[in-house]
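Among the features that TrEMBL reports, active site, acyl-thioester intermediate is placed at 131. According to TrEMBL, the active site, proton acceptor annotation covers 251. Residues annotated as NADP(+) binding site in TrEMBL: 14, 15, 16, 17, 42, 43, 161, 162, 324. According to TrEMBL, the feature phosphate binding site maps to 102. Annotation comment: TrEMBL describes 158, 244 as substrate binding site. The feature domain 'Semialdehyde dehydrogenase NAD-binding' is assigned by TrEMBL to 7-122.
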Ligand SMILES: NC(=O)c1ccc[n+]([C@@H]2O[C@H](COP(=O)([O-])OP(=O)(O)OC[C@H]3O[C@@H](n4cnc5c(N)ncnc54)[C@H](OP(=O)(O)O)[C@@H]3O)[C@@H](O)[C@H]2O)c1
């Protein structure tokens, strides 16, 4: 670690992602001079222990960023839109986990294993991609570089923690209500701000975020646009169906890709086995493949069920799993923060 120390702010520090950011900053011994933990008025005044010392949570406000060098945002898009301009004005580099700046042409959208070279283009903001996009592009990058990819068809099986800490509580509450024979009384999913709610316990909901005019949900459009931006390839055809499943941690994805060139399946497996941040778990005879329960709590992206499409010799099927709160959010953001703090890594 560098000897230079940084004044760090975590916005949304009391949330599902913020909790993991705090844990990673502590575990990785990030070079911190001072730490601000920011939230809404609801949690302001509460105390969180960081490296054995109590830190009082403060309400995030435009002035909170005076003297801050690095600010990690995970408090929703509206908070990022409202506060990031002030943080940048105060000289902070902002790493944003929300959707607010991802498609802004002046904001790099970074997955360190894929496009860390873009980090130096930033003008005060670096965007963390959507969780389901991060794990897919991390796994596909070595295949894209070696063989080219013309088309991606992805279906996701996304954990409830992707909708925040309150959605996890809601699923656990519903599970016990249903097991007791009571009404599940859904209150949060699929989208807390929309009037219609659906049960997630013992169910599967084919809606993540709001529907767009084109019939896709916002989550699906994020996967399409962000994948093209990260791989810097507008010609890449991507289609997505995003689904919420009653899993607490870890998004799973069935990914079908059409490659531009002929490939050898063993070479694909070797590429995945060597890829940074990727773990190949692919042993059908031993029934070994990535599982959300195994990926939970780990930083890596796990890939298995690697097989050639029987109907298209350039078609490839993969199963990609990662912890949405870690590589999908907190770990990717802390990796970026480490590249800023210790630029020689880049
Ligand atoms: N969960 C994931 O897997 C995931 C992955 C990638 C990106 N993200 C993005 O990260 C963001 C947070 O997600 P999450 O799952 O951590 O949500 P969460 O568990 O609901 O936490 C939300 C956090 O934001 C804070 N907050 C809410 N309103 C605020 C306001 N007006 N001003 C300041 N702070 C405010 C909350 O503070 P209080 O304690 O005061 O309420 C809490 O700390 C979202 O934009 C989400 O899209 C999430």
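Note: Cβ is positioned from N, Cα and C throughout, glycine not excepted.
Where the annotation comes from TrEMBL, it is an automatic prediction and has not been curated.
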Exercise. In the structure shown, with every protein chain counted, which of the recorded positions 16, 131 has the densest set of Cβ atoms within 10 angstroms of its Cβ?
Worked result: 131
Seminar exercise, completed: Reduced to three DSSP states, the domain 'Semialdehyde dehydrogenase NAD-binding' (7-122) has 39 helix, 32 strand, 45 coil
Exercise. The residue listed as 'active site, proton acceptor': which of the recorded positions 14, 16, 42, 102, 131, 244 have a C-alpha within 10 angstroms of it?
Worked result: 131, 244
Exercise. Near ligand 1, which of the recorded positions 14, 16, 42, 131, 244 have CB less than 6 Å from any of its atoms?
Worked result: 14, 16, 42, 131
For this session: Report the mean pLDDT of the predicted model across the domain 'Semialdehyde dehydrogenase NAD-binding' (7-122), rounded to a whole number.
Result: 98
For this session: Can you see whether DSSP assigns residue 131 (active site, acyl-thioester intermediate) to helix, strand or coil?
Result: helix
Seminar exercise, completed: binding-site residues near residue 158 (substrate binding site): from 14, 16, 102, 324, Cα within 10 Å gives 324
